[in-house]
Structures are given as C-alpha cells and as structure tokens.
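Undergrad: Pulled these from Swiss-Prot:
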MOTIF     9-19  motif ''HIGH' region'
MOTIF     248-252  motif ''KMSKS' region'
BINDING   LYS251  ATP binding site
Amino acid sequence: MKVRVRLAPSPTGSLHIGTARTALFNWLFAQRNKGSFLIRIEDTDKERSKDEFTSNILEGLQWLGLKWDEAPIIQSKRIHEHKEAIKSLINKGLAYRCFATEEELQTMRDAQINSGEAPRYDNRHRKLTKEQEQKFIKDGRSAVIRFRIEDEESVHWNDMVRGPIHWNSKDLGGDMVISRRAPANEIGDPLYNLVVVLDDAAMEITHVIRGEDHIANTAKQLLLYKALGFKEPSFAHTPLILNKDGRKLSKRDGVTSISDFKTMGYTSQAMTNYMTLLGWSPPEGMGEKFTLKESSSVFDFDRVNNAGAKFDWDKLQWLNSQEIHNWSNEKLLDSLIPLWTKEGWNLSSKDWGLKLVHLIKPSLILINDGIEESRVFFEEPLLKKDAIQQLEIPRAKEALKFICRKLEETPWHGKENEIAIELITSCSKSLDIKKGIIMKSLRAALLGTLQGPDLITSWGLLAMMENDQARIKRCL
C-alpha cells in the first residue's frame, strides 16, 4: 500500500503555523515512507473563503519547501458528488430531514443545561411520519439533513500518536447534521464531517494526520466511513501548539502566520526545523538543528508527544541565528539587497556588499536585523551619548585631527584595513596617546557610538565609500 497523506486547509485566513506544522508532519511522513503528499483546499465556507488566502497558503508551503505531488483538489468543485452521497444515505434510511427550528433547538439545549445534562440533539425528527413531514413543509419550514447515530454504537481506533481511543456514540451530540438548512425539497450545502470522508476516500488517503482538536470529528467520521462502505484510513492526532500560558496559540498571541514570520526575517529552514521540534523528539545524537532531508529520514509517530507543545520564541530565534550564520556571504547579500533597496540604499559594488555582510553576519538573529546593523554604513549616524562623552575627553579631538591630516596624504588603494592600523599606530607614537583612546574616538566619530562591529573593518568599509573623512571632520 502506497502512503497517501493530505493537508486540507480552509482558505479563510493566511497559513497559520499550526496548519504549517500539520503540513510538515504529513510531508515528513510521506517522505519517510516514499509516499505522496497532497493538498485539498476546503473552500466550502463561501462567505469567508478567499482566493488570496488560497494563494497565501500555497505560497507559504512552497517557501517552506513542502512540495505537493499532485494538483491541489478544490473541495467546492465536488459539491455534486457530496450531494449525491447525501441522497444515497437518505435512500438507505441512514439520514433524514430535520425540520426543527433554531428556536426549538435552543429551547431544547437550555432545558438540558438546566437539568445538568450535556447539550445534544434529542433525535426528535428521526421518525417523522409522512403526514408530519408534509405539515412542516406546508408551514414553510426548511430542513437540515441529519445522519443517524445510534446510541449503543462504540467507536474505536488505534491512533498513531495516542494509541487506542474509544468513544461512545451517545457522547457525540445526537444525530449529526451533514448539510445546511435548505427548502424541504432541496439539499443544502454539505458540511465538514461528511465531505472530508467523501474527499479522503476519493483521494485514496491512507493516513489522516491532523491536530488533536479533531479527535471528536474522527469518531463521527468513522461512523460515516462505515455507513458509506469506505475503507478507514489510519489516524494520527498531533499535539496542539500552545502559548506560554498553556493555551492554544492564537492570533491574540501575536505573529502566527507563516507569511508574517517570513516578513519578520525568519528563514524557511529555521521555521521547518523549529516546527518539527514542536511535538516531535529527534533520536538521540541527532541534536536540535537539522535539515528537512535529515528529519525526513528518521521521522515517525513513535517520537511524537501527546502533550501540547509550547511555542518558544528564544529557541526559534536561536535556530534562525544559527541558520543565518551558516549562510554564505553571497546568499545573505542576496537576501539583504531587497531590504536595503526599500530603505533607499544603493549598493555601490558587490565586493563592498560582501565585506559588509561578512562584518554584520555574526550579529544577526533575523534577516531583517541586517537593516539596522547596516544603517550606519549607508547613512551618517547621529552621535549617541557615549560617543559625545568620548569626544569630550582630553586629546580625543587632537588624535582625530592627526588622523584627518594623514588621511589626506595617504591613498588607500584597496589596503584599507592595513592602512587603518598603521594610522592608529602612527598617531599613538607621534602624539603619545594610548591606542584605546584613539580607537574609541574613531569609533565615536565614524559609527556614532562606542558599541558595534569591528572598528578596523568598519573604517575600511567607510573609506571604500569615501565617507570616513567627512564623519571625522564633523566631530572636530
């Protein structure tokens, strides 16, 4: 049996990290078992589904490196097949029209709650006579279609993550609605639990891998598999991603969409690396930093945890910084040029850009950090308090004047770093000023602060752009 798994997102929002982690686990499982990873866009919510969200989801998966093996299925294009299945269930006596109004159902639920019972449909219209149906139709009532769930049934499966799971059908809320309300002679839009079963069967899905919040749905869907005569897939219910308080991660916790992580400057490799660790434990000796290829060669559900996985920003940022630090200077430069362009900064030469990237790379956690780390090399900085104080100490400006005079006499000719060191040494010897004072004063004048990257390399970069003398002179 060839493994076939799927991701079935609803295009009602951008690709959420929870959905992306589900996609990742599906993809890894397919890769490990030489199977197929498929996409089904569940766009049956007509009001909220938008093409822009479908594009966002697919682009996000591509950015993460999670390529699908067949053309995506659009669920709404199968509505005819869905309605035909409902007709078949009605004809077999496994589904029926329920004419209960929303007001009647709410009154029923209120009474159950007041009696200390869990709200559930009481199956009141399961055995309507023809006369009763005709009266409801004459009264102009619309109807939903409900699937019969017998109270004495037991649902069970061996979950790939959680082991044996048993569910009493009496705890599933009564007969299940499988189509929206519509005029009595019509069938309304088919609903989630039914269409998922129909589509998974049509796509020959062998393993359904999704979040633990779908466990109750799985119990209902297994009853539908049985009624429809379909072979049941295997199920794996993965742990939810939690916030720092142990609640399900949501938009209220800040950034949760993959496109936002990308915009902030996270790398796709760091994202897939970190998401794999959200609920999965790597084998001993593998460590926490690995590629998609490495994790796909060892991924299995025996190492997926039951408990929720807390989102750890610090670990994600560490993985991201490690990934950036391992990039070649060329790759990082290619990522930074568009960001610099947005700031209005023009790169004079690739060689200069590569030297700048090499200088700032160790300081980067996010790709976007390259904007602020680079700013001082593109824009004349304001002097910070520590720089102003440094320039006010005795002999600081005397040293800078000496450096300025020497700069006018000394051609750099591509030897910026060597000449910078020679000038500092010459100044120290000629004026009998400690090198520490000279270097701090130069840093204050050139970079506007006493903090920052290596002074000699920074000075060399500014000299290549002929910006060093002007910055020193403004401080005299």
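Cβ atoms are placed via backbone N, Cα and C, with glycine included.
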Undergrad: Given a Cβ distance threshold of under 8 angstroms, which distant residues of the chain, six or more beyond its ends, lie next to the motif ''HIGH' region' (9-19)?
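TA: Same-chain residues near the motif ''HIGH' region' (9-19) but 6 or more away: 39, 41-43, 45, 48-51, 53-54, 56-57, 60-61, 211, 240-241, 249, 256-261, 275, 311.
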Undergrad: Taking DSSP states H, G and I as helix and E and B as strand, how many residues of the motif ''HIGH' region' (9-19) are helix, strand and coil?
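TA: Its residues fall into 3 helix, 1 strand, 7 coil.
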Undergrad: Is the residue listed as 'ATP binding site' helix, strand or coil when read with DSSP?
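TA: Going by the DSSP assignment, the residue listed as 'ATP binding site' falls within a helical segment, counted as helix.
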Undergrad: Around the Cβ of LYS251 (ATP binding site), how many other Cβ atoms lie within 10 Å? Please give the count over every shown protein chain.
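TA: By my count, 11.
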